[in-house]
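> Residues or ranges marked as repeat 'WD 1' by Swiss-Prot: 12-49. The feature repeat 'WD 2' is assigned by Swiss-Prot to 56-95. Per Swiss-Prot, the feature repeat 'WD 3' maps to 105-144. Residues annotated as repeat 'WD 4' in Swiss-Prot: 151-190. Per Swiss-Prot, the feature repeat 'WD 5' maps to 195-236. What Swiss-Prot lists as repeat 'WD 6' is 248-286. What Swiss-Prot records for 292-330 is repeat 'WD 7'.
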Amino acid sequence: MASINLIKSLKLYKEKIWSFDFSQGILATGSTDRKIKLVSVKDDDFTLIDVLDETAHKKAIRSVAWRPHTSLLAAGSFDSTVSIWAKEESADRTFEMDLLAIIEGHENEVKGVAWSNDGYYLATCSRDKSVWIWETDESGEEYECISVLQEHSQDVKHVIWHPSEALLASSSYDDTVRIWKDYDDDWECVAVLNGHEGTVWSSDFDKTEGVFRLCSGSDDSTVRVWKYMGDDEDDQQEWVCEAILPDVHKRQVYNVAWGFNGLIASVGADGVLAVYEEVDGEWKVFAKRALCHGVYEINVVKWLELNGKTILATGGDDGIVNFWSLEKAA
């Protein structure tokens with residue numbers, strides 16, 4: 001089994017870290033204290049470079065997401081709004097971001113935000129049981145709601161787009177993952193993934209080109225892998241639970257991340273970071289580490305690509321971001 005080794009630990013907040021996202025060398029983080037902090041991640045250098053205006057939101061920052069290949073950031077808050085931030089062009093090359101827009105529409109806390117691969121759709125989800133899809137242009141200044149999806153029966157915890165297709169997955173307190181697709185400008189639910197026996201906190205798509213698989217993490221302490229099998233005559237998609245990953249977690253699984261390297265990482269209430277590898281069609285534990293944030297729960301995990309190296313980042317209730325390397329056993 002490989003080892004998981006701590007590279008760097010950054011104490012960013014006094015309260016819990018809910019979410020972060022990485023793009024173009026910058027890790028954006030969101031916390032209960034309403035602040036969004038940006039960390040420059042380069043080689044072995046991890047530096048806090050900006051703290052965004054905390055007056056933009058009245059409550060916790062629950063989710064942050066970079067628009068692909070840009071310096072535009074979306075942040076969803078418990079105050080039911082979404083803020084959009086853009087990098088300010090400065091002569092002295094300092095990194096600063098300005099508030100570009102506030103998006104309103106949800107009736108309750110926004111739990112998740114996610115950009116489509118082309119950057120023209122922004123999906124948001126909420127405690128109000130709905131998923132909203134917003135359309136924007138290249139500037140990212142104006143947002144039009146083109147669809148409100150209300151088929152979940154409970155709080156929607158998380159949204160994620162397929163890495164190359166206009167396919168959206170939403171995870172919910174109703175124990176399901178729903179798959180959404182655009183048919184002639186009409187977004188429809190094309191599949192309901194049933195199997196988890198508790199809240200589904202998050203999901204992530206396989207990054208392999210041309211492949212349609214999804215992993216999900218739940219209150220039932222399991223991580224599952226789902227596979228798309230095809231469409232039926234009514235254009236509904238058939239997804240099957242291809243695997244339940246080895247039993248590592250003893251409590252809720254809050255976040256999962258499927259890396260470009262094919263590995264799946266999971267974290268949760270038990271403080272364990274687990275990494276799984278598929279070998280000849282069977283999933284095995286590649287590495288695991290307990291107490292990654294001491295006695296605190298872990299809310300988020302991400303794969304980071306740095307100059308040809310792949311590392312992991314985790315964020316917990318302790319307000320700390322930890323960066324980890326994976327070392328294969330000799």
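Along the chain as shown, the residues are counted starting at 1.
Heads up, the Cβ atoms here are built off N, Cα and C, so glycines get one too.
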> List, by number or range, the same-chain residues at least 6 past the repeat 'WD 6' (248-286) whose CB is under 8 A from its CB atoms?
1-2, 4, 198-199, 201-208, 215-219, 221-223, 225, 292-303, 305, 310, 312, 314, 316, 324, 326
> With a Cβ cut-off under 8 Å, give me the same-chain residues at least six positions beyond the ends of the repeat 'WD 2' (56-95) that come close to it.
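Sequence-remote neighbours of the repeat 'WD 2' (56-95) are 18-24, 26, 28-36, 38, 40, 49-50, 101-104, 106-115, 117-119, 122, 124, 126, 140-141, 143, 158.
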> Report the mean pLDDT of the predicted model across the repeat 'WD 1' (12-49), rounded to a whole number.
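Result for the repeat 'WD 1' (12-49): average pLDDT 94.
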> Among the recorded stretches 12-49, 151-190, 292-330, which has the greatest number of Cβ pairs closer than 8 Å to the repeat 'WD 3' (105-144)?
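If we count Cβ pairs closer than 8 Å to the repeat 'WD 3' (105-144), 151-190 scores highest.
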> So, by DSSP, how many helix, strand and coil residues make up the repeat 'WD 4' (151-190)?
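Residue counts in helix, strand and coil order: 0 helix, 24 strand, 16 coil.
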> Who are the chain neighbours of the repeat 'WD 1' (12-49) in space, where the CB to CB distance is under 8 Å and they lie at least 6 residues beyond its ends?
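Cβ under 8 Å, 6 or more out: 57-66, 68-69, 71, 73, 75, 77, 85, 95, 97, 299-300, 302, 304, 306-307, 313, 315-321, 323.
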> With DSSP, how much of the repeat 'WD 5' (195-236) is helix, how much strand and how much coil, in residues?
0 helix, 21 strand, 21 coil
